[in-house]
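To keep things clear, I will list the structure first and then write my remarks on it.
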Amino acid sequence: MSKTLQSRKSLSGKLRRAANTRIVVEGNLALSIANDLLSALDVEPFNSEEDCISRSPKFGISPDQFRNSYLRAEIMSKYDSFSLGINTEAVAWEKFLAAEAECAKTNLRLYRPNYNEDFNFSLGETCIHMARRKIVKLLGDSVPFEAVLRHCRFSGGATTTNSRLYGHPSFKFALAQECTPRAVPYVQALKACTNMDLGITKVSPFNKAVTVPKNSKTDRCIAIEPGWNMFFQLGIGGVIREKLHLWNIDLNDQTINQVRAYSGSCSNELATVDLSSASDTISLALVELLLPPAWFKVLTDLRSRRGMLPDGRIITYEKISSMGNGFTFELESLIFAALARSLCELLNLQPSSVTVYGDDIILPSDACSSLIEVFSYVGFRTNEKKTFFDGPFRESCGKHYFMGVDVTPFYIRHRIVSPSDLILVLNQMYRWATIDGVWDPRVYPVYTKYRRLLPDILRRNVVPDGYGDGALVGSVLTSPFAENRGWVRRVPMIIDKKKDRVRDERGSYLYELWSLQQLECDSEFPFNGSLVVGTNDGVCTYRHRERVSTAISDSVGAYDIVWIPCSSRVLAPYGDFRRHEGSILK
C-alpha cells in the first residue's frame with residue numbers, strides 16, 4: 001500500500017471518529033447561536049421560546065436593517081424542538097378539518113350559484129368560465145393515455161402497503177399494491193399492455209391521513225395513498241407539467257419565480273401571492289367546473305374518495321386531493337395559473353406576465369387585489385403575511401428581496417447534537433454573512449466562537465461552497481487535508497454512513513425495466529418488455545445491460561468520510577452538490 005493511501009486512510013479514520021462525537025453544551029445551543037448572532041447585528045435577541053415564533057419584520061427601514069430584522073423573524077420560526085406546551089398534532093387536525101369544512105361550503109356555492117336578477121356574473125364566475133376555456137385549449141378534450149403512461153412511476157415514499165422504510169420503487173414492484181375501486185381498470189390495462197406480472201393485494205376504498213412534523217407550533221397533515229393510485233397520479237401530474245410549458249410555466253425551475261421576485265422588489269410592478277392550505281382547499285366543484293369532463297373523470301378515478309384518520313374514523317373528502325397525492329402540485333399550479341391569466345385578460349394586462357410554482361404566484365401588482373377576490377370566491381385563502389403587492393419586499397420560491405437586495409434568511413430547524421449539525425448551521429451563517437463576497441465583520445466573531453465547539457480536525461477541514469455541507473465552507477487553498485494529483489484536487493467530506501440492505505430481486509429488475517422505458521421510449525408505448533429471473537442467478541434479458549444491483553443503501557445513524565474531486569475556486573452561494581465519483585474509505 002502506498003504512503004499516500006496509508007496517509008489518507010489514517011486521516012479518514014481520524015475525521016470519522018471526530019464526526020461521530022457528540023456536542024454537549026448547557027441549554028439550547030441553537031437558541032444561543034441565534035441570540036449571539038442577533039446581538040452582534042444590534043437586533044433584540046429572543047426573550048423566550050415563544051418569542052422565536054411570533055415576530056414580524058419591520059418595514060420602512062434600510063435594506064441592511066431590514067435584512068437583520070427579517071433574520072430575527074425567520075431564523076427560529078421552523079425550529080421543531082421547542083417545548084411550548086402545544087399539541088402540534090391536534091392543531092394540524094383542526095386545520096385539516098377546517099379546510100374540509102371550507103371545501104364543503106365552496107362545493108355548495110359553486111354547484112348552486114346565486115345569480116342576481118340581472119343574471120350578471122361576478123368577477124369570480126367570469127374568471128371560472130374564462131379559465132375553463134383556457135384549460136380545455138391547453139390540455140385538450142381527451143386524456144393522452146400513452147403520454148400519461150410514460151410518466152407513471154412509483155415514488156420513493158410510503159404507501160398504504162409499504163412503510164417508508166420499504167418505500168423504494170423496487171419494493172413496490174415486488175409487493176402487490178393496493179388501489180381504490182375505480183383505479184382497478186387502470187391497473188388491469190397496464191398489466192395487459194406491458195407483459196409485466198403486476199398484482200393488486202386488495203381494493204381499498206380510502207387512503208390514510210397522517211401527520212408529519214412541521215415546526216414547534218403545528219404538524220402537517222398529508223395522505224398516504226394506495227400504491228397503484230400514486231403510480232397513475234404521478235403520470236397525470238407529469239403530463240400536466242409538460243402542458244404548462246405552453247404557458248411558459250416550468251415546474252422544474254424555481255429560479256423563474258425567484259428572478260421575478262427580485263424584479264418586483266425593484267419596480268413594484270409585480271406582486272407575489274401565497275395561499276394558506278392551498279392543496280387542502282381545491283374543492284371538487286372547482287375542478288369539475290374548470291377541467292374537461294374526460295380529465296375530471298380520470299382525476300376522480302385515481303383520487304382517494306375517502307380517508308381514514310388515525311382514530312379510525314372514515315371521512316369523505318370534499319377536496320379533489322391533498323398533499324401526498326401524485327398530481328396535487330401540478331393540478332394546483334394549473335388552476336392558479338388559469339385563474340390568474342383569465343383575470344389579467346379581463347383587466348387588459350398581459351396573461352403571459354403570470355408565473356406560478358405551486359401556490360407561489362407572481363402576477364402584475366395591479367391585478368393582485370382582484371385576484372384575492374377571485375380566490376376567495378373559489379375557496380382559496382390568501383396568506384396575508386406572505387402576499388406582497390405594494391412596497392419594497394417580495395418573496396417567492398425561497399428567495400427574499402428588499403429593494404432589490406437579497407435578504408434571504410437562513411433557518412435553524414433542528415437540535416444541534418452532532419458536529420455535522422453544527423457544520424450545517426455554521427455554513428448557513430457563512431453564506432448569509434458573505435452574500436456580497438466578504439465577511440460581515442459583525443458576524444465573524446460569532447462564527448469563530450461556535451466553530452471552536454467542533455473537534456480540531458473538523459475545524460481545519462474546509463471545502464469550496466457548492467459541494468454540500470459535509471465540511472466547513474471556505475477556501476480549499478487553506479485546507480491542510482486537500483490532496484493535489486495533477487489537475488485533480490480531492491477533499492474529505494462527511495456523509496451519512498450507509499449499510500446495504502437486500503431488496504427483492506424480481507422487484508429490482510421490474511423497476512429497472514420500467515426506468516428504461518421511461519428513458520428510452522419517447523413516443524412508443526406500450527412497452528412490451530420481457531423479464532426473465534432464473535432460480536439460480538437471475539439475469540435480465542433486456543438488451544445488453546449489466547446485471548442489476550439488488551441491494552439498497554440505508555442510513556445507519558452514523559457518519560463516514562468520502563473523498564471527492566473539487567475545484568479550487570469558490571462556487572456561488574447556495575450551489576448544488578453534485579456527487580462525484582469518490583470512494584468511501586473504510
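Including glycine, each Cβ sits where the backbone N, Cα and C put it.
Taken from Swiss-Prot, the feature domain 'RdRp catalytic' covers 259-391.
Cβ environment of ASP359 (Mg(2+) 2 binding site): ASP274, LEU275, ALA278, SER279, GLU332, PHE336 lie under 8 Å away, each six or more residues apart in the same chain. Annotation comment: Swiss-Prot describes ASP274, ASP359, ASP360 as Mg(2+) 2 binding site, evidence class similarity to another entry.
What Swiss-Prot lists as Mg(2+) 1 binding site is ASP274, ASP359, ASP360, and the listing cites similarity to another entry. DSSP assigns ASP359 (Mg(2+) 2 binding site) to coil, not to a helix or a strand.
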Around the Cβ of ASP360 (Mg(2+) 2 binding site), the count of other Cβ atoms that are within 10 Å: 23
CB contacts for ASP274 (Mg(2+) 2 binding site) [other CB atoms within 10 A, all chains]: 18
